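The block underneath contains the structure these notes are about, expressed in C-alpha coordinates.
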Amino acid sequence: MAAPGEALTPQGYIQHHLTNLHVGEGFWTWHIDSLFFSVGLGVLFLWIFRSVGKKATSGVPGKLQCFIEMIVEFVDNSVKESFHGRNALIAPLALTIFMWVFMMNFMDMIPVDWLPWLASLAGIPYLKVVPTTDVNITFSLAIGVFVLIIYYSIKVKGVSGFVKELTLQPFNHKAMIPVNLLLETVTLIAKPISLALRLFGNLYAGELIFILIALMYGTNLLLSSLGVTLQLGWLIFHILVITLQAFIFMMLTIVYLSMAHEDH
(Lines of atoms letter the chains of each structure in order from A and count residues from 1; the text may use other names and numbers.)
(Lines give C-alpha, C1' and ligand atoms only; values in the text may rest on other atoms or scores of the structure.)
Protein backbone atom coordinates (compact mmCIF):
# COMPACT_ATOMS: atom_id res chain seq x y z
CA MET A 1 0.00 0.00 0.00
CA ALA A 2 1.48 3.34 -0.99
CA ALA A 3 0.51 6.95 -0.56
CA PRO A 4 -1.03 8.74 -3.53
CA GLY A 5 1.60 9.33 -6.16
CA GLU A 6 4.04 6.90 -4.54
CA ALA A 7 5.25 3.96 -6.64
CA LEU A 8 4.11 0.58 -5.36
CA THR A 9 7.55 -1.06 -5.31
CA PRO A 10 9.19 -3.03 -2.49
CA GLN A 11 11.28 0.04 -1.66
CA GLY A 12 8.23 2.31 -1.76
CA TYR A 13 6.22 -0.10 0.39
CA ILE A 14 8.93 -0.25 3.06
CA GLN A 15 9.47 3.52 2.99
CA HIS A 16 5.73 4.11 3.29
CA HIS A 17 5.45 1.99 6.43
CA LEU A 18 8.49 3.64 8.01
CA THR A 19 7.23 7.19 7.43
CA ASN A 20 5.43 9.06 10.19
CA LEU A 21 2.37 11.23 9.75
CA HIS A 22 3.91 14.57 10.61
CA VAL A 23 3.52 18.33 10.47
CA GLY A 24 6.30 20.90 10.42
CA GLU A 25 9.88 20.55 9.28
CA GLY A 26 13.29 20.09 10.85
CA PHE A 27 13.53 20.50 14.61
CA TRP A 28 9.87 21.55 14.84
CA THR A 29 8.52 18.38 13.21
CA TRP A 30 5.63 16.80 15.11
CA HIS A 31 4.95 13.09 14.62
CA ILE A 32 1.19 13.10 14.98
CA ASP A 33 0.74 9.32 14.86
CA SER A 34 3.38 8.65 17.53
CA LEU A 35 1.85 11.26 19.83
CA PHE A 36 -1.68 9.98 19.24
CA PHE A 37 -0.93 6.33 19.97
CA SER A 38 1.44 6.96 22.90
CA VAL A 39 -0.95 9.33 24.67
CA GLY A 40 -3.97 7.18 23.79
CA LEU A 41 -2.36 4.02 25.16
CA GLY A 42 -1.29 5.88 28.30
CA VAL A 43 -4.88 7.01 28.89
CA LEU A 44 -6.12 3.47 28.19
CA PHE A 45 -3.69 2.05 30.77
CA LEU A 46 -4.85 4.55 33.41
CA TRP A 47 -8.52 3.89 32.65
CA ILE A 48 -8.18 0.09 32.86
CA PHE A 49 -6.22 0.10 36.11
CA ARG A 50 -8.45 2.75 37.68
CA SER A 51 -11.59 0.83 36.72
CA VAL A 52 -10.22 -2.42 38.11
CA GLY A 53 -9.05 -0.66 41.28
CA LYS A 54 -12.48 0.87 41.90
CA LYS A 55 -14.25 -2.46 41.35
CA ALA A 56 -11.74 -4.60 43.25
CA THR A 57 -13.28 -6.86 45.86
CA SER A 58 -11.87 -8.91 48.72
CA GLY A 59 -13.95 -11.89 47.60
CA VAL A 60 -13.38 -14.03 44.52
CA PRO A 61 -11.79 -11.68 41.96
CA GLY A 62 -12.63 -11.70 38.27
CA LYS A 63 -10.15 -12.72 35.58
CA LEU A 64 -9.13 -9.15 34.77
CA GLN A 65 -8.62 -8.30 38.45
CA CYS A 66 -6.48 -11.43 38.88
CA PHE A 67 -4.38 -10.47 35.87
CA ILE A 68 -3.89 -6.89 37.11
CA GLU A 69 -3.01 -8.10 40.61
CA MET A 70 -0.40 -10.47 39.16
CA ILE A 71 1.22 -7.60 37.26
CA VAL A 72 1.16 -5.29 40.29
CA GLU A 73 2.66 -7.98 42.53
CA PHE A 74 5.35 -8.78 39.96
CA VAL A 75 6.38 -5.13 39.64
CA ASP A 76 6.23 -4.60 43.41
CA ASN A 77 8.54 -7.58 44.01
CA SER A 78 10.93 -6.30 41.34
CA VAL A 79 11.12 -2.93 43.09
CA LYS A 80 11.66 -4.53 46.52
CA GLU A 81 14.53 -6.63 45.17
CA SER A 82 16.29 -3.87 43.21
CA PHE A 83 15.50 -0.56 44.92
CA HIS A 84 17.33 -0.01 48.20
CA GLY A 85 16.13 3.46 49.13
CA ARG A 86 12.89 4.75 50.64
CA ASN A 87 10.49 6.24 48.12
CA ALA A 88 6.81 5.34 47.80
CA LEU A 89 6.69 6.69 44.23
CA ILE A 90 9.12 4.18 42.72
CA ALA A 91 6.71 1.22 42.55
CA PRO A 92 3.90 3.21 40.84
CA LEU A 93 6.47 4.71 38.48
CA ALA A 94 7.86 1.25 37.64
CA LEU A 95 4.35 -0.10 37.04
CA THR A 96 3.52 2.83 34.75
CA ILE A 97 6.72 2.43 32.77
CA PHE A 98 6.33 -1.32 32.37
CA MET A 99 2.70 -1.23 31.28
CA TRP A 100 3.00 1.86 29.09
CA VAL A 101 6.07 0.61 27.24
CA PHE A 102 4.55 -2.87 26.91
CA MET A 103 1.31 -1.50 25.47
CA MET A 104 3.19 0.67 22.97
CA ASN A 105 5.32 -2.34 22.01
CA PHE A 106 2.23 -4.54 21.72
CA MET A 107 0.98 -2.41 18.82
CA ASP A 108 3.62 -4.27 16.80
CA MET A 109 1.41 -7.38 17.03
CA ILE A 110 -1.20 -5.77 14.75
CA PRO A 111 -0.65 -6.75 11.08
CA VAL A 112 1.32 -3.96 9.44
CA ASP A 113 -1.29 -3.09 6.79
CA TRP A 114 -4.50 -3.09 8.81
CA LEU A 115 -4.48 0.30 10.54
CA PRO A 116 -2.64 2.15 7.73
CA TRP A 117 -5.28 0.82 5.31
CA LEU A 118 -8.10 2.10 7.53
CA ALA A 119 -6.30 5.43 7.82
CA SER A 120 -5.99 5.65 4.02
CA LEU A 121 -9.79 5.36 3.76
CA ALA A 122 -9.98 8.51 5.89
CA GLY A 123 -7.47 10.29 3.65
CA ILE A 124 -4.49 9.85 5.99
CA PRO A 125 -1.48 8.95 3.79
CA TYR A 126 0.93 7.71 6.48
CA LEU A 127 0.45 6.00 9.83
CA LYS A 128 3.06 4.39 12.09
CA VAL A 129 1.18 2.63 14.87
CA VAL A 130 4.09 1.52 17.08
CA PRO A 131 5.24 4.55 19.11
CA THR A 132 8.43 2.84 20.31
CA THR A 133 9.68 2.55 16.70
CA ASP A 134 9.95 6.36 16.83
CA VAL A 135 13.24 7.41 18.40
CA ASN A 136 11.61 10.65 19.58
CA ILE A 137 9.26 8.68 21.83
CA THR A 138 11.96 6.44 23.30
CA PHE A 139 14.22 9.43 23.95
CA SER A 140 11.32 11.29 25.59
CA LEU A 141 10.84 8.37 27.99
CA ALA A 142 14.58 8.12 28.65
CA ILE A 143 14.96 11.86 29.23
CA GLY A 144 12.10 11.70 31.74
CA VAL A 145 14.00 8.99 33.64
CA PHE A 146 17.21 11.05 33.37
CA VAL A 147 15.50 14.08 34.93
CA LEU A 148 14.35 11.90 37.84
CA ILE A 149 17.90 10.57 38.29
CA ILE A 150 19.29 14.11 38.57
CA TYR A 151 16.42 15.26 40.79
CA TYR A 152 16.73 12.45 43.33
CA SER A 153 20.53 12.57 43.28
CA ILE A 154 20.40 16.22 44.34
CA LYS A 155 17.47 15.71 46.74
CA VAL A 156 19.10 12.81 48.61
CA LYS A 157 22.75 13.89 48.51
CA GLY A 158 22.41 17.65 48.21
CA VAL A 159 24.10 19.75 45.55
CA SER A 160 27.51 19.38 47.20
CA GLY A 161 27.11 15.62 47.52
CA PHE A 162 26.08 15.30 43.89
CA VAL A 163 29.07 17.37 42.77
CA LYS A 164 31.41 15.28 44.94
CA GLU A 165 30.00 12.12 43.37
CA LEU A 166 30.87 13.48 39.94
CA THR A 167 34.34 14.75 40.86
CA LEU A 168 35.75 12.40 43.53
CA GLN A 169 34.83 9.02 42.01
CA PRO A 170 36.33 6.63 41.06
CA PHE A 171 39.67 8.25 42.00
CA ASN A 172 39.44 9.97 45.38
CA HIS A 173 42.12 12.62 44.85
CA LYS A 174 41.84 16.30 43.96
CA ALA A 175 44.36 15.93 41.15
CA MET A 176 42.02 13.47 39.43
CA ILE A 177 38.95 15.72 39.51
CA PRO A 178 39.03 16.48 35.74
CA VAL A 179 39.36 12.77 34.90
CA ASN A 180 36.61 11.82 37.36
CA LEU A 181 34.30 14.52 36.03
CA LEU A 182 34.80 13.34 32.47
CA LEU A 183 34.23 9.66 33.32
CA GLU A 184 31.18 10.28 35.53
CA THR A 185 29.61 12.72 33.06
CA VAL A 186 29.95 10.22 30.22
CA THR A 187 28.51 7.47 32.44
CA LEU A 188 25.60 9.68 33.47
CA ILE A 189 24.74 10.77 29.93
CA ALA A 190 25.09 7.20 28.62
CA LYS A 191 22.18 6.06 30.81
CA PRO A 192 19.34 7.80 28.92
CA ILE A 193 21.02 7.25 25.56
CA SER A 194 21.32 3.49 26.12
CA LEU A 195 17.75 3.31 27.46
CA ALA A 196 16.35 5.08 24.41
CA LEU A 197 18.40 3.37 21.71
CA ARG A 198 17.98 -0.16 23.11
CA LEU A 199 14.19 0.11 23.08
CA PHE A 200 14.07 1.88 19.72
CA GLY A 201 16.52 -0.49 18.02
CA ASN A 202 14.77 -3.68 19.07
CA LEU A 203 11.27 -2.49 18.16
CA TYR A 204 12.35 -0.85 14.91
CA ALA A 205 14.08 -4.05 13.82
CA GLY A 206 11.04 -6.11 14.77
CA GLU A 207 8.71 -3.85 12.80
CA LEU A 208 11.01 -3.97 9.78
CA ILE A 209 10.96 -7.78 9.81
CA PHE A 210 7.14 -7.75 9.87
CA ILE A 211 7.18 -5.39 6.87
CA LEU A 212 9.60 -7.62 4.95
CA ILE A 213 7.43 -10.67 5.69
CA ALA A 214 4.34 -8.76 4.51
CA LEU A 215 6.11 -8.12 1.19
CA MET A 216 6.14 -11.87 0.55
CA TYR A 217 2.34 -11.93 0.27
CA GLY A 218 2.52 -9.94 -2.94
CA THR A 219 4.76 -12.46 -4.73
CA ASN A 220 4.03 -16.01 -5.88
CA LEU A 221 1.97 -18.64 -4.06
CA LEU A 222 5.00 -20.44 -2.62
CA LEU A 223 6.45 -17.33 -0.98
CA SER A 224 3.00 -16.26 0.19
CA SER A 225 2.58 -19.61 1.96
CA LEU A 226 6.05 -19.28 3.46
CA GLY A 227 5.14 -15.76 4.60
CA VAL A 228 2.27 -17.11 6.70
CA THR A 229 4.62 -19.51 8.51
CA LEU A 230 7.30 -16.86 9.01
CA GLN A 231 4.82 -14.30 10.28
CA LEU A 232 3.34 -16.72 12.80
CA GLY A 233 6.80 -17.77 14.01
CA TRP A 234 8.06 -14.19 14.30
CA LEU A 235 4.82 -13.13 16.01
CA ILE A 236 5.27 -15.76 18.73
CA PHE A 237 8.94 -14.85 19.22
CA HIS A 238 8.20 -11.12 19.16
CA ILE A 239 5.80 -11.46 22.09
CA LEU A 240 8.88 -12.35 24.15
CA VAL A 241 10.82 -9.41 22.67
CA ILE A 242 8.21 -6.75 23.44
CA THR A 243 7.72 -8.04 26.99
CA LEU A 244 11.46 -8.31 27.63
CA GLN A 245 12.13 -4.78 26.36
CA ALA A 246 9.43 -3.34 28.63
CA PHE A 247 10.89 -5.29 31.56
CA ILE A 248 14.46 -4.16 30.82
CA PHE A 249 13.41 -0.51 30.56
CA MET A 250 11.58 -0.80 33.89
CA MET A 251 14.42 -2.61 35.68
CA LEU A 252 17.10 -0.21 34.49
CA THR A 253 14.95 2.69 35.64
CA ILE A 254 14.62 1.10 39.09
CA VAL A 255 18.37 0.42 39.29
CA TYR A 256 19.33 3.94 38.16
CA LEU A 257 16.95 5.53 40.68
CA SER A 258 18.26 3.22 43.40
CA MET A 259 21.78 4.43 42.64
CA ALA A 260 20.52 8.02 42.80
CA HIS A 261 19.20 7.36 46.33
CA GLU A 262 22.51 5.97 47.59
CA ASP A 263 24.15 8.49 49.91
CA HIS A 264 27.84 7.66 50.07
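Every residue, even glycine, has its Cβ placed from backbone N, Cα and C.
Note that the structure is predicted; figures quoted are calculated from it, not measured.
What Swiss-Prot lists as transmembrane segment is 29-49 (among others), and the listing cites sequence analysis. Remote same-chain partners of the transmembrane segment (29-49), defined as residues 6 or more beyond its termini with a Cβ less than 8 Å from a stretch Cβ, comprise 20-23, 68, 96, 99-100, 103-104, 107, 126-131, 134, 136-137.
Look at Swiss-Prot and you will find 90-110 (among others) tagged as transmembrane segment, backed by sequence analysis.
Residues annotated as transmembrane segment in Swiss-Prot, with sequence analysis given as evidence: 134-154 (among others).
Summarising the annotation, Swiss-Prot assigns transmembrane segment to 177-197 (among others) and lists sequence analysis as the type of evidence.
Same-chain residues lying 6+ beyond the ends of the transmembrane segment (208-228) with a Cβ under 8 Å from its Cβ atoms: 10, 13-14, 17-18, 108, 111-113, 234, 238. Swiss-Prot lists 208-228 (among others) with the feature transmembrane segment, giving sequence analysis as the kind of evidence.
The annotation transmembrane segment is assigned in Swiss-Prot to 235-255 (among others).
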* Structure fact -> In the same chain, residues at least 6 away from the ends of the transmembrane segment (177-197) whose Cβ sits under 8 Å of its Cβ atoms read 135, 138-139, 141-143, 145-146, 149, 165-171, 249, 252-253, 256
